[in-house]
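Peer 1: Dumping the structure here so I can ask a few things about it.
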């Protein structure tokens with residue numbers, strides 16, 4: 001059973017990668033850094049070819065996670081190539097994402113093992129079901145957000161704090177010290193918001209007598225200083241700037257200068273009323289129920305550091321679910337304990353049967369919501385689909401394609417430039433002969449040099465303004481372009497109430513299945529010069 005549950009967590013992460021293999025712009029820095037490390041190497045002569053010198057982004061980001069991910073992906077790439085599973089560069093993207101999903105799955109499995117040891121196998125069982133039935137962590141654990149690179153060390157810290165015998169009152173000082181060091185490293189290198197989590201964890205550990213104040217301060221200071229030295233050394237090299245600490249730049253840009261507000265602001269309660277319910281689904285009420293009613297002394301320490309993180313991030317105007325995603329695994333432990341309590345009541349009583357049905361219902365609610373969100377998520381990468389259509393053209397044809405902004409934001413990563421050099425040495429000779437150009441210039445002055453366009457406009461007219469980079473063109477027929485195809489993507493969910501009435505002889509299940517409809521609309525067009 002234990003191996004099956006671990007496999008379930010792993011397969012869930014892999015399934016989300018394979019169902020939605022393309023990426024969004026938020027993932028692009030780390031993804032493109034991995035691409036450059038794999039394709040060019042890390043030598044000084046290779047660095048001028050790196051994408052971040054052309055598109056640096058608002059603030060610098062660390063290369064530490066990207067370099068490590070590229071290196072640990074190489075054995076998987078070698079194995080896949082041995083079995084002829086890497087016909088193009090795009091398959092490298094899938095492999096890298098599968099490796100990241102595997103890494104984060106290992107962290108989740110370690111937590112499950114610790115939960116089974118401390119709270120019993122049934123609680124570990126429910127932990128696995130909760131984790132796999134939710135949407136955000138399984139869907140994103142194979143995506144190269146900095147938050148997902150930080151998730152593994154944070155999950156290791158949760159494992160260290162939970163992993164002890166049932167009757168042990170507190171974790172060892174060594175485990176607490178290692179947990180503090182891991183979260184401090186993640187805060188310094190990957191995501192600065194984790195400073196709130198490590199501060200809360202350290203103070204709670206001191207208050208509960210798990211570690212002395214002096215030891216907590218020393219561990220935190222040493223781990224932070226060592227992490228600063230590491231990131232400054234690595235990132236100064238890759239960015240070509242002396243004494244560069246990327247996360248400090250992020251803090252200064254987003255918090256001190258307040259530039260994060262340029263991406264939108266939300267009310268202070270948004271994490272509580274919107275983001276946490278979406279992240280945890282039914283685990284949110286179950287975890288709160290368990291934390292305050294079922295052995296609170298054992299469970300509250302898993303909730304409090306995450307609650308402090310949520311409270312601290314609520315003070316910042318710009319809010320996103322990924323800033324607090326780290327609370328999900330620890331709070332799932334508490335929710336799993338709650339489900340175990342609900343399911344273990346005597347079924348002979350009405351109250352026991354109600355609790356058991358409630359536990360089952362919580363998991364089914366999670367699963368239903370996740371199916372809907374995954375169905376929408378799979379259809380939310382028009383840029384990747386457009387690149388697939390463009391790349392389906394004969395490779396030997398000379399092509400210079402312009403990629404519009406929406407395409408770049410929704411899937412047109414460097415790994416989708418499958419017909420552009422440089423190529424890994426193990427790709428087929430037919431691919432190596434192609435030398436397409438994929439141009440990402442914003443609003444080019446002329447399209448005369450392009451043979452293909454990935455456009456946000458089907459038929460822009462002269463003087464048109466808006467999202468299309470081609471608004472100044474006349475109709476594409478007059479400009480000498482023809483459509484190779486259009487790409488539709490998720491628009492909204494709609495409810496067809498008429499389906500509930502159904503037709504004569506139609507079963508209730510068939511009626512219900514057609515009530516909720518996924519609407520798509522055309523987002524991109526792939527054009528070819530006549």
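Any Cβ shown, glycine's included, is placed from N, Cα and C.
TrEMBL entries are annotated by machine, without manual review.
Residues or ranges marked as signal peptide by TrEMBL: 1-19. Per TrEMBL, transmembrane segment is recorded for 63-82, 94-113, 148-166, 178-201, 213-239, 351-373.
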Peer 1: Give the one range among 63-82, 94-113, 178-201, 213-239, 351-373 whose Cβ atoms make the most pairs under 8 Å with those of the transmembrane segment (148-166).
Peer 2: 178-201
Peer 1: Near the transmembrane segment (63-82), which same-chain residues lie under 8 Å Cβ to Cβ, leaving out any that are not at least 6 residues past its ends?
Peer 2: 29-30, 33-34, 37-38, 42, 91-92, 95-96, 98-100, 103, 144, 146, 149-150, 189-190, 230-231, 234-235, 238-239, 426
Peer 1: Would you mind listing the long-range same-chain contacts of the transmembrane segment (178-201), meaning Cβ under 8 Å and 6+ residues beyond its ends?
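Peer 2: Same-chain residues near the transmembrane segment (178-201) but 6 or more away: 62, 64-65, 146-147, 149-150, 153-154, 156-158, 160-161, 171, 211, 216, 219-220, 222-224, 226-228, 230-231, 247-248, 250-251, 304-306, 308-309, 312-313, 323-324, 326.
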